[in-house]
Structures are given as C-alpha cells and as structure tokens.
2 protein chains.
Amino acid sequence: MKTIGIIYKPNLEKIAKIFEERLKKERFLVKFVTSTISSTFNGVDVSLIIGGDGTILKTVKKLNSPIIGFKGGRLGFLSSYTTKDLDKFIKDLKENSFVEDRRSLLKVYNKHIEKYCLNDAVAMKEPAQKMVDISVSFKDGEFYFHADGVIVSTPTGSTAYALSLGGSILLPNVNAFEITPIAPQFLATRSVIVPDTEEISVKTNYKILLILDGEIVGNFDFFKIKKSDKQIVLLRPKDYDFSKSIKEKMGYGKNFFTQVR
Amino acid sequence: MKTIGIIYKPNLEKIAKIFEERLKKERFLVKFVTSTISSTFNGVDVSLIIGGDGTILKTVKKLNSPIIGFKGGRLGFLSSYTTKDLDKFIKDLKENSFVEDRRSLLKVYNKHIEKYCLNDAVAMKEPAQKMVDISVSFKDGEFYFHADGVIVSTPTGSTAYALSLGGSILLPNVNAFEITPIAPQFLATRSVIVPDTEEISVKTNYKILLILDGEIVGNFDFFKIKKSDKQIVLLRPKDYDFSKSIKEKMGYGKNFFTQVR
C-alpha cells in the first residue's frame, strides 16, 4: 500500500493538503490530490476521500482502487475515519491493518441506459406531476403502489433515503434489497425486503424521474434492477463495527449496561 | 399422498367433518380428525389444518408431516386455501399438484430451556414492570434499547407482531432475521435486519417474559437465538404467490394497470 490518491470535497482543500504533506513525510507516494474527478483514476493502491458520504457516493464509481473515507465531525456510514484520526490512520496504513468492507452495486437498465448505483434507485414523480401508478415485480411476486414514487435500495442504501421514509436498517452483509414506496396512498407504507437474487422490474403509468445515488439520469416508465457483479471496496480500521455508525448517527440506544455489567 | 390427518380449530368441527367425508368418498385414508394435539402425530402423508394462522402456529411444531392450511374467509399467511376451496384442493391432491414452501424455525435457548418457534421470539416486560434495558448482540455488532421489549422474528414472523410495530415485510426466502424494539425510548424505533447466519444474544437488566409464537415460556434475563435446522413444510397450490397474501390481507395496493395494459 504505497501509492495513494486523494479526492476532497472543495471546502476541505486545507485538510487534503495536511493529509498530502503528512503522507509524503511518511514516504508514501501521493499520485493525485484533486477535488474534481472527470474520468477513471488508476494506478494507486488506495484512494482517500475527504468529505462525507455524499462525496464518496459521487466519486467511488469512478475509482478502481479500494477507498478510505474521512469525514469531519462524526463518522458517516461510508467513512472509516474522521479527519481528526490522521495519526491513527497513518499507523494503520503503515501496518496495512485494515479490513475490507465490500459493497455490491445495483445495475439499473432498460433499452436506453445501463447505470450503476451504490445506495439506491429512486423513481419519483416531478413536483408538478400527478401521483403515479407503480408496479414493482419480480419472480416471486408483484406489488402495486399509487404513490409519489418508489425506492429500491441496497443494504448500503437502507440507511439513506429509505430510512427517512420509514424503512428498516439492513446490515451490510444481508443478501437482500429493500423496496420502499414514497408517499403511498392506501397505507401500503411498509418496506418490502426481497432476496438480492431477484431481478426487479419497475413500471409506471407515465414517465417519471429516475435518480441513482442522488443523480438524475432521465425520465422513464420502465426499468429493471439487479445486483451487479461490480463491488466497491471500503477499507475499515480493524475495530470497525457497522452498529457503531448506527448508534452514533442515529442515537440508536446507548449502553445502559456499563453500570450493571 | 394417500393418508391424511385433519386438525381443526374447535369452532370449525362442522367443516372438518365435511372435509373428512369428502376425502373418504375420494378414497383417501383419513387417519385422525382432532381439535387437540397432545403429542407428536405420525404416520400421515399430509396434515390438513382447518383454522387460521394461530391454529397452524400452535400445531405445526408437533407434526412431522407437511401441512396444508385452510382458513375461513380470506387467506392467512400460512394457509394455502380457504375452506371454500375444497373442490380445487381435492383436484390438486389427486394430481399431487403442490409446491413445497419450506420455513425455518428459530432455536431459542439458554441453560434452562431449548425451544423452537416459527414466527418470533418476543422478550417483553410484564405490565407492572418498569421499562427494561436490552442488549441485542451478534458477531457483527450490538444494539441497545430502553424499551418494553424486543422481537426477533423470522421472515415468516415479519408479517405478524413485528409488522404491527412498524417492521418491514420480508419475503419468505430472504435469509435474514428482523429485530424490532417494542415501545423504545429515544426514537430508536426502526427494525434492524441481520443475516440468519448470526447467532443473537438478548440480555436484559432484569427478568422479563419470553414468549415464543405467542406462548409464554418463562421469565429470563438472557437467551440466545439462532436459525434451527428444523423446517416446516407448507404445501401450496402451484399458483400460490406470497405477494398475494400481502395484497389481500393488507390492501397492499391493487393493480391499477388492468386498464392500461
């Protein structure tokens, strides 16, 4: 793990420079330091992404290397360190002391597009459009929603938009997708969890927006979703534990047992 | 598929008798017709259970044969026919035209007990008890709840009590458990979906009720849960589709596309 790239959120240039200097001082080869990724970067052993989950989402599909996310303040779900953990990170880097956290991408396609996303595919009406009739079908069944839209998310995306709409939290290693309606009529509000071996078809009665990882890709009334062979690799410190992110970000309980154990 | 047992909910004795007569007329061997199961029944190719999901839950663990559920009115999640489908059922039975729907049981154990359940293990304070501190831990993490209790459910149980508490709907073939807090403090209300390869430990700061498939088994402050090797086999008509039960029972959308397709 010798050659390193750094990608930073524009307002975090200062921190990126601190990282660059420190890494050089520690005799690592920093091949690029950039805030704009326009094409696939290659030729580094690892890419450091300095920014939040949004910055990671935007850049990670363009990178071929494993990535390590650094977030200001508290941890994000995709970040492995906060920007204050530089010393600890340098130590882990020297000892190559990481665990691989592999996340699968979704493939979203129809006859016009073939795209990939890490968190979710959101099919959603535009504000001026009427509510839409949606069919979500797969080998083992079909559901219908009269709603503003529907989200199909990976376990990674289950803590993103789907969670805001009432979805469950899927641990990253659950082999499933989560289907969550957006503002459905008729109380059909629950998420449906389906095996990730299913190929999901989404059909609507007119064209609505298709948004992948927050990026609008067009207006469609039909597309399919399946698990892709493509994965991204997040490097995590060895003591990383997904449930910590949940507890930190969501106040998901605290350890009441410290006094009684 | 020649020898048949019939178990019925006490208030459905009349229907059980109609089933028995018809089966005998069609030259099947009816080995027992009973409303009380006190020990394991053996020696039949299939057991018909006339009653709702509750009757099936109560009896299925005592049976060694595949089962077919018959419910009055609408379908339950575990029933395969309504009691009005006798003709269709006889036809399917003669042609042996069923699909096997296998459901795994949970094993729930500590040093005092070893029990099995199909839907869920519910750990819950008694009404006069104070809220309880709960730790739910497994290899990949640990969550804490200050709550009235917690439910660990199978995909089968995801449409039972967990659903009433805001959980998601897991298709039967998802390899996961659902952990759902009961009346938690601090807004930690979402279900957490974990792979069914995990062994889950539930620890509480004093003894509360442990309820398996609706049956109280004792008061404990510690127990473990894992997927059991034991499965039950539900026989379904070939056109059965789980999403139909959801749509029928929960008004989960209707097909708006009938006019436009």
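Including glycine, each Cβ sits where the backbone N, Cα and C put it.
Automatic prediction, not curation, is the source of TrEMBL annotations.
Annotation comment: TrEMBL describes B:ASP53 as active site, proton acceptor. Residues or ranges marked as NAD(+) binding site by TrEMBL: B:53-54, B:LYS58, B:119-120, B:LYS130, B:HIS146, B:ASP148, B:159-164, B:ALA183.
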Quiz prompt | Close in space, distant in sequence - B:LEU163 (NAD(+) binding site), Cβ under 8 Å, 6 or more apart | solution = B:ILE169
Exercise. Round to the nearest Å and give the CA-to-CA distance linking B:HIS146 (NAD(+) binding site) with B:ASP53 (active site, proton acceptor).
Key: 31
Quiz item: Rounded to the nearest angstrom, how far is the Cα of the residue listed as 'active site, proton acceptor' from the Cα of B:ALA183 (NAD(+) binding site)?
Solution: 25
Quiz prompt | Subset of recorded positions B:ASP53, B:ASP120, B:HIS146, B:TYR161, B:LEU163 within reach of chain A (CB-CB under 8 A) | solution = B:HIS146, B:LEU163
Quiz item: Around the residue listed as 'active site, proton acceptor', which residues of its chain at least 6 apart sit with Cβ under 8 Å of its Cβ?
Solution: B:GLY69, B:LYS71, B:GLY76, B:PHE77, B:LEU78, B:SER79, B:ALA160
Exercise. Give the number of CB atoms, excluding that of B:ALA183 (NAD(+) binding site) itself, located within 10 Å of its CB.
Key: 14
Quiz item: Around B:THR159 (NAD(+) binding site), how many other C-beta atoms are within 10 angstroms of its C-beta?
Solution: 26
Quiz item: Taking the Cβ of B:TYR161 (NAD(+) binding site) as the centre, how many other Cβ atoms fall within a 10 Å radius?
Solution: 20
Quiz item: Taking the Cβ of B:ASP120 (NAD(+) binding site) as the centre, how many other Cβ atoms fall within a 10 Å radius?
Solution: 25
Practice problem: Would you mind pulling the DSSP three-state label for B:ASP120 (NAD(+) binding site)? | Solution: strand
Quiz item: Counting only residues 6+ apart in the same chain, whose Cβ is under 8 Å from the Cβ of B:LYS58 (NAD(+) binding site)?
Solution: B:ILE37, B:ASP213, B:GLU215
Practice problem: Can you see whether DSSP assigns B:HIS146 (NAD(+) binding site) to helix, strand or coil? | Solution: strand
